[in-house]
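So the structure is just underneath, and the comments pick up after that.
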Amino acid sequence: MHYCVLSAFLLLHLVTVALSLSTCSTLDMDQFMRKRIEAIRGQILSKLKLTSPPEDYPEPEEVPPEVISIYNSTRDLLQEKASRRAAACERERSDEEYYAKEVYKIDMPPFFPSENAIPPTFYRPYFRIVRFDVSAMEKNASNLVKAEFRVFRLQNPKARVAEQRIELYQILKSKDLTSPTQRYIDSKVVKTRAEGEWLSFDVTDAVHEWLHHKDRNLGFKISLHCPCCTFVPSNNYIIPNKSEELEARFAGIDGTSTYTSGDQKTIKSTRKKNSGKTPHLLLMLLPSYGLESQQSNRRKKRALDAAYCFRNVQDNCCLRPLYIDFKRDLGWKWIHEPKGYNANFCAGACPYLWSSDTQHSRVLSLYNTINPEASASPCCVSQDLEPLTILYYIGKTPKIEQLSNMIVKSCKCSKTKLAAFARLYHSHSNLGSET
């Protein structure tokens, strides 16, 4: 009686586990490509937080040079990052996740010895410039895992608007008059009159560049989303030809008098209160001893990337080329740049060495009966993905966005779920025999 109850419980539990396993059914290549294209359509709209493509408007005759400049510099940054990773054979991500990180704080140096603030004569109404000296960390440049820029937004009761969208840019060294002068990093919508708060931005790529090329450290620029007009974040509405000043105020950057009203005693008290809120960088680095202890001669698996897959005819799991033309494949005209991109996808068989546990005929039979569409073998899935930068229009307004995980660069065979299923089956079976 006890054994029957246990068997029923085992079957119910295995049914639940099997049904929860991801399926990996075989598809012909044409069908797979069609599904991949539709998945990309959904991905782009979802990442842009759109429920449907924007309405089609006539394409602008000429995109403003400053917009093209930001798009090109952001795109080039991603390409440089990919090239560095490929050329340097970066350490496996598992090392970065496993080892403890050493954290370093680098404060923004004061503009003047007596007061870390911009005096009225240097006041810039539309943007702020922030610089850091990271030269002390250059010797550990290869150990950098992450860098964050943190700045404290102060309450500004004098603000004329309740909220603004501020953007962070890396200032670039101009090679000539046509080269870009800044590179977009990130943006945030802030409440100008609300209580103060810390704002954090991921600036890993910028700091990595500074550590390797000291002459490129020109700092960051905090500016408005649309300084030549007025941008309303709540409804994304733009009022043209009405310049908007940066109403957000930042500790250690803006002079106390620009956001505080009152006598000298009040101003001094406010300055003291914000003295420990200087803009700073937080650098997270792998400790040197952790790197030295690693075995440098570990055998690495062959990468199933373009370098291997595109020059070999493979039936097994490999990277497959797929170019998406936005107009032809998706019927979209609202993405201005690029016209398309190499999305790629993973497909092919994954040879599997069956263990004695998983080879058990009863295990296979039960697994296939419970979920006939599930694959007992590993699936060919993406391993490395890269972002895509797009320049698109909503109405007549140009926007630049970076979409994460849009380009498949390499593939792998996922670990089979059948092994876990078999272990669960045998553990319950052994429990039943003991009973």
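Each residue's number is its place along the chain shown, starting with 1.
Placement of Cβ uses the backbone N, Cα and C atoms for every residue, glycine included.
The disulfide bond annotation in Swiss-Prot covers Cys309-Cys318 (among others). Contacts of Cys309 (disulfide bond) defined by a Cβ separation under 8 A and a same-chain sequence distance of 6+ are given as Cys318, Leu319, Arg320, Cys411, in order along the sequence. Cys309 (disulfide bond) falls within a helical segment according to DSSP.
The disulfide bond annotation in Swiss-Prot covers Cys317-Cys380 (among others) and rests on similarity to another entry. Under the three-state DSSP scheme, Cys380 (disulfide bond) falls in the strand class.
Positions annotated as disulfide bond by Swiss-Prot: Cys346-Cys411 (among others). In the three-state DSSP classification, Cys346 (disulfide bond) falls within a strand.
The disulfide bond annotation in Swiss-Prot covers Cys350-Cys413 (among others). In this structure, Cys413 (disulfide bond) is part of a beta strand by DSSP. Just so you know, the Cβ of Cys413 (disulfide bond) picks up 20 other Cβ atoms within 10 Å once every protein chain is counted.
The N-linked glycosylation site annotation in Swiss-Prot covers Asn72 (among others) and rests on sequence analysis. Mapped onto three states, the DSSP output places Asn72 (N-linked glycosylation site) in helix.
Per Swiss-Prot, N-linked glycosylation site is recorded for Asn140 (among others). Cβ-based neighbour count (10 Å, all protein chains) for Asn140 (N-linked glycosylation site) stands at 16.
Residues annotated as N-linked glycosylation site in Swiss-Prot: Asn241 (among others).
Marked as signal peptide by Swiss-Prot on the basis of sequence analysis: 1-20.
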Entries of Asn72, Asn140, Cys413 which, being recorded positions, have CA atoms within 10 angstroms of Cys380 (disulfide bond): Cys413
Least surrounded among the disulfide-bonded residues, given as Cys350, Cys411, when other CB atoms within 10 Å are counted: Cys350
Residue from Asn72, Asn140, Cys317 whose C-alpha is spatially nearest that of Cys350 (disulfide bond), among the recorded positions: Cys317
Top Cα neighbour of Asn72 (N-linked glycosylation site) in the set of recorded positions Asn140, Cys317, Cys413: Asn140
All-chain count of other Cβ atoms within 10 Å of Cys318 (disulfide bond): 21
Cα-to-Cα gap, Cys413 (disulfide bond) vs Cys317 (disulfide bond), nearest whole Å: 7
